[in-house]
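Database features, via Swiss-Prot:
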{"type": "CARBOHYD", "residues": "Ser3", "note": "O-linked glycosylation site"}
{"type": "CARBOHYD", "residues": "Ser4", "note": "O-linked glycosylation site"}
{"type": "REPEAT", "residues": "11-44", "note": "repeat 'TPR 1'"}
{"type": "REPEAT", "residues": "79-112", "note": "repeat 'TPR 2'"}
{"type": "REPEAT", "residues": "113-146", "note": "repeat 'TPR 3'"}
{"type": "REPEAT", "residues": "147-180", "note": "repeat 'TPR 4'"}
{"type": "REPEAT", "residues": "181-214", "note": "repeat 'TPR 5'"}
{"type": "REPEAT", "residues": "215-248", "note": "repeat 'TPR 6'"}
{"type": "REPEAT", "residues": "283-316", "note": "repeat 'TPR 8'"}
{"type": "REPEAT", "residues": "317-350", "note": "repeat 'TPR 9'"}
{"type": "REPEAT", "residues": "351-384", "note": "repeat 'TPR 10'"}
{"type": "REPEAT", "residues": "385-418", "note": "repeat 'TPR 11'"}
{"type": "CARBOHYD", "residues": "Ser389", "note": "O-linked glycosylation site"}
{"type": "REPEAT", "residues": "419-452", "note": "repeat 'TPR 12'"}
{"type": "MOD_RES", "residues": "Thr444", "note": "phosphothreonine"}
{"type": "REPEAT", "residues": "453-463", "note": "repeat 'TPR 13'"}
{"type": "ACT_SITE", "residues": "His498", "note": "active site, proton acceptor"}
{"type": "MOD_RES", "residues": "Tyr979", "note": "phosphotyrosine"}
{"type": "REGION", "residues": "981-1000", "note": "region 'Required for phosphatidylinositol 3,4,5-triphosphate binding'"}
Amino acid sequence: MASSVGNVADSTGLAELAHREYQAGDFEAAERHCMQLWRQEPDNTGVLLLLSSIHFQCRRLDRSAHFSTLAIKQNPLLAEAYSNLGNVYKERGQLQEAIEHYRHALRLKPDFIDGYINLAAALVAAGDMEGAVQAYVSALQYNPDLYCVRSDLGNLLKALGRLEEAKACYLKAIETQPNFAVAWSNLGCVFNAQGEIWLAIHHFEKAVTLDPNFLDAYINLGNVLKEARIFDRAVAAYLRALSLSPNHAVVHGNLACVYYEQGLIDLAIDTYRRAIELQPHFPDAYCNLANALKEKGSVAEAEDCYNTALRLCPTHADSLNNLANIKREQGNIEEAVRLYRKALEVFPEFAAAHSNLASVLQQQGKLQEALMHYKEAIRISPTFADAYSNMGNTLKEMQDVQGALQCYTRAIQINPAFADAHSNLASIHKDSGNIPEAIASYRTALKLKPDFPDAYCNLAHCLQIVCDWTDYDERMKKLVSIVAEQLEKNRLPSVHPHHSMLYPLSHGFRKAIAERHGNLCLDKINVLHKPPYEHPKDLKLSDGRLRVGYVSSDFGNHPTSHLMQSIPGMHNPDKFEVFCYALSPDDGTNFRVKVMAEANHFIDLSQIPCNGKAADRIHQDGIHILVNMNGYTKGARNELFALRPAPIQAMWLGYPGTSGALFMDYIITDQETSPAEVAEQYSEKLAYMPHTFFIGDHANMFPHLKKKAVIDFKSNGHIYDNRIVLNGIDLKAFLDSLPDVKIVKMKCPDGGDNADTTNTALNMPVIPMNTIAEAVIEMINRGQIQITINGFSISNGLATTQINNKAATGEEVPRTIIVTTRSQYGLPEDAIVYCNFNQLYKIDPSTLQMGANILKRVPNSVLWLLRFPAVGEPNIQQYAQNMGLPQNRIIFSPVAPKEEHVRRGQLADVCLDTPLCNGHTTGMDVLWAGTPMVTMPGETLASRVAASQLTCLGCLELIAKSRQEYEDIAVKLGTDLEYLKKIRGKVWKQRISSPLFNTKQYTMELERLYLQMWEHYAAGNKPDHMIKPVEVTESA
């Protein structure tokens, strides 16, 4: 604030002396000499103005006003006196009076520069920014070379956000006075605000070069270097500032922040403590000290520091947010939410708090509200990469894959070194089947952040999917060690429960992984504060019927529906009332239509996204037994089961493992799949089906495969049943229309050990190689879709989608006679064809080695695999060549529509099951095609399903107890053709006569198990193992 001291004329030099003393700050001496002069010249207004200014500087406002008033009395037109009086009013907070006096001074003296400067300051204090700008502009109109005033105008424009105008002011000030360090520093601030970091650094460095003692410029330089993450130079700038002002607490705090970013946590902690020592009421320093303590693992002390910061400043938003983070990590979700909301109440534009709150809301299943807060975070901070990445996670959970992809991509554009975003993007690629892209993104994430368990374990799974076994053993060891450490520290393991079966983990680890995911569901439902449901103790309200609820996201075109779609309609309506709860929208397929039509009640819970309300609906339906068909597969909503809307809850069919969850009572399984001696692997009680827990609806979906005919393909005197095969509903009528059809009897053993096979021969229709057979073969060779023979439509087995797409998907039964040949798939006519139609991730190095050993022992044999995925093919071929197999010994085919997939299984001689994780649905598919399957049960549920299927089928001779026995069984089938024919005949016969595909008998056995569960519960008992199943027959 400029005081006007006037001009004092005194021949004695007394006035000149008083002026020098005033300028030097020696106000006491200046006042003494002014008073002496005033007594000599009472009418000297210059002396009065100087006295007014002296008293103002000494904060003696009343005396200052007194002398200004005396000067005005002496000269009412004295502008300087009015300006000095305005200064007094401004200092007292009487802004309007101050402004009026400044304006009066300017009316008296329009070129009064100090008057404009003082008026500008008062207008700023009064909030009239535009008026202040005009005051500075007026001053500069009278003297354009006032570089300090122009710099002050620049500061005001900068504060108003008018950065370009501010920049012009600073540049003009520098042009006027190139060595004006303040303008260089202020210009650096503008460039920093505009994101021009390097220009900002340049201008701050120029400022300190011009003025090596310019404290603020060193602080600004340190700040911008810190933001640019040029930490060594930032440290140097802050240390220089501290050499100028050793007790500057804020600089100590900023320097500590740089040490923290450099990972020098102990040094950061010491420096924060020094800042607090210098300024005990420094909430920012307490908050940042807490951050460093938390990083070091001193969580309790960190929590104390956050609380201290909040005691000093209850509205300290950063401390509220960071304390909320601690509460969240401690599992105190409600307190975390309260603190996040408080932080936003204090500071609504707090982007990080919006993002953190959104993350917790997402964890609670409140996805729409989470999405809203992520959008707010991004609105406030458009370059908030974390918010984009986390919003992508929410959109992914909401099944908006494209939206998630865009979010992750934007996060990476903002911050190319953002490892989490690369990992999240990889997961989108992985879920979309773009495995090479996923692998590349996971590897980028790990380069950026080598200690990144989620990225490592997901990369391991991707490499498993494409059979990339580089450093396989080391990878498995590291993966196991990661899981061990995470379980020890009570963290959510990076291996998903559904993938745990693929790795050499202990049973305890697999169960613990599932348990952690089950606990996540409990965390989500705890926030709902729903009181426990009251459950029925009897069947009175349901007219004596047991109400069973099947919950699945797979009621549609999905392998689970292919297996069980007939069961809801086969329940005894007198004893059971069936509810099907869909977790996914209608996909428009006949699979969905069938379940909807045949269940007593079909409820689409995908339209009730709130888990609490969905569970209420299930409870209102009075369900007695609620069946979980998803486990931890895609689309699951285990939170519904965590709320326990039914008294009995059971796992069944859709998930090959334990839930690890206390809210699941039973797992429906069988003695072969889950032997009683390994019951500790399961959190649930074992509930045994009498034969196998697995079932397939193949007899209903593919009845045209119950019979087949072959075209006479002779080699070495044998008639082969799988070179050129015809199937169809009207097959018998078609064969009756043909001349010379032969019936060849194929001997096969029965389901037991009966050596007399004469009574179990199967009749195989054989069409001789005549003009009709040649027409069929020509259709195949020429790639025709369909021909007509004797009024029957004969179709190319590769063209089912072109003839009837619903038949191709298995939704309808094909109405034509379908021809399937080895030549269609490039399979050798005269070779033994081993097959496996599983996804390639189920093959591990030891499995491929067994396959290679078998092929080497069986001359003229091949292994038929699927491009599932296609990118796995070159890896398998390369490893096979390394094992000594020529490339032509392994043949790949594309994945086919469901009906073709099942039907073409007839062309193989033997299926080699994958011991790591069996073919479950694919096992049923290949057995329905009549092809024997060799398996070797392991220790996990997923590795024992095929043995269960074969046991039910009565084909124990195909179950190996060791790798050597597995190879020997496969080799015998490939070298002893008579034995192969017998086993193929047995499988062909047993698939019809055994319980394996008998859905009606299976449903009755399942009902018996449900009644056991209910009777046990109704008697007041807790769930217990049910390992002595009651067998029923179809006539029962």
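Cβ atoms here come from the backbone N, Cα and C positions, even for glycine.
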Query raised in the report: Sequence gap of 6 or more, C-beta under 8 Å: which same-chain residues meet both conditions with respect to Ser389 (O-linked glycosylation site)?
Result: Cys407, Tyr408, Ala411, Phe418, Asp420, Ala421, Asn424
Report summary line: Cα of the residue listed as 'phosphothreonine' to Cα of the residue listed as 'phosphotyrosine', in Å and rounded, measures 53
Report summary line: Beyond a gap of at least 6 residues from its ends, the CB atoms lying under 8 Å from the region 'Required for phosphatidylinositol 3,4,5-triphosphate binding' (981-1000) belong to 566-567, 570, 691-692, 694-700, 706, 721-722, 746-751, 757, 760-762, 909, 924, 927-928, 930-932, 949, 952-955, 957-958, 973, 1034
Query raised in the report: By DSSP, what is the split of the repeat 'TPR 10' (351-384) into helix, strand and coil residues?
Result: 27 helix, 0 strand, 7 coil
Requested in this report: State the count of C-beta atoms found within 10 angstroms of the C-beta of the residue listed as 'phosphothreonine', not counting that atom itself.
Outcome: 20
Query raised in the report: Given His498 (active site, proton acceptor) and Tyr979 (phosphotyrosine), what distance in Å do their CA atoms have, once rounded to a whole number?
Result: 38
Report summary line: Per the Cβ filter (under 8 Å) with a sequence gap of at least 6 from its ends, the repeat 'TPR 11' (385-418) is approached by 351-352, 354-355, 358-359, 362, 367, 370-371, 374-375, 377-378, 424-425, 427-428, 431-432, 448
Query raised in the report: When DSSP states are grouped into helix, strand and coil, how many residues of the repeat 'TPR 13' (453-463) land in each?
Result: 11 helix, 0 strand, 0 coil
**Report entry** In the chain carrying Tyr979 (phosphotyrosine), residues 6 or more apart in sequence that have Cβ under 8 angstroms from it
**Finding:** Lys972, Leu973
Requested in this report: Take the Cβ of His498 (active site, proton acceptor) and count every other Cβ within 10 Å, whichever protein chain it belongs to.
Outcome: 20
Query raised in the report: Do you know the mean pLDDT across the repeat 'TPR 13' (453-463)?
Result: 99
Requested in this report: Tally the residues of the repeat 'TPR 8' (283-316) by DSSP class, grouping H, G and I as helix, E and B as strand, and everything else as coil.
Outcome: 28 helix, 0 strand, 6 coil
Report summary line: Checked against DSSP, the composition of the repeat 'TPR 9' (317-350) is 27 helix, 0 strand, 7 coil
Report summary line: The correct DSSP tally for the repeat 'TPR 5' (181-214) reads 27 helix, 0 strand, 7 coil
